[in-house]
Amino acid sequence: MGTFIKSGDELIQFLILIILILTAIVLLFIVLNMYNVIYRIIGEKEGKTIERFSFKKWWERESGTDVPVEKEETILLHHNYDGIQELDNHLPPWWVKMFYATIAFSVIYLGLYHVWNITPLQDEEYQIAMDEAKKEVELYQSKMANTIDEKTVKLLVDDSKTVSSGKDIYIAKCVACHGQAGEGGVGPNLTDEYWLHGGSINDIFKTIKYGVPEKGMIAWQATMKPNEIQSVSNYILSIKGTNPANAKAPQGEKFTEGTDSTAAKPVENL
Ligand code: HEC
């Protein structure tokens, strides 16, 4: 669907509008026919011929009576500019009616938009549309956030927003065991190249999500949303190689980029 019709709802609204317009046209014909029938009956009763409604006659009436060329003298205005003269023709009735209709429309428009403020102006409409879009984006993101798992987690170490929100989570929940700078404590050093449970983004996500309960690492899936686990996993990878003071000795196996715990081990570890 194009830019005009954006959703199924709008398509239905559009179809309803078309059906309404068609119904209105059909009703108009029915009413005109009834008018003709009723007037014929009344006419017959009273012995008069009452003019039937016809579009042709109606249009002749609306388009006005042009003064025939022979009688133009009667409507010729008196001024004369180098031989150019003006006829005082009447405006066609349909035109005059449209003109009054535009005046009526402008009054209604002014009232709706500027006096009673019933309908939103362009700026407000823009704001309303933006607010709706924002809600849709939030809904989409929260849906997406909950679908992140150890297979779909993304490496976003270069995304400062992800890393900084990951850092906030780390400071709040992980410092007690892994140290202020990830140097390690009760838990292992998270800044070196050695990992007990693998050092890929997928491995780290998995360790944080399910924990290692028997060794004292909490399973965070009950208290953290998947996108929060993703953020803190990326924060951990962002502090790799920072060599903090009082670093805990390496534990586990050296992890080389491009491998994970389920892949073949690097040659140096064989
Ligand atoms: C109560 C202490 C404690 C807390 C709090 C804690 N951890 Fe751990 N963490 C550990 C321990 C202990 C291990 C080592 C588990 C093992 O020996 O298998 C560990 C292991 C890890 C590992 C795997 C390291 C490796 O070498 O494979 C990661 C990653 C990790 N934690 C991240 C976190 C994050 C992120 C948080 C905060 C959300 C956190 N931990 C909070 C105790 C903790």
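From the backbone N, Cα and C atoms, a Cβ is placed for every residue, glycine too.
Checked against TrEMBL, the range among 67-94, 123-150, 179-206, 207-234 recorded as coiled coil is 123-150. Averaged over the coiled coil (123-150), the predicted model has a pLDDT of 90.
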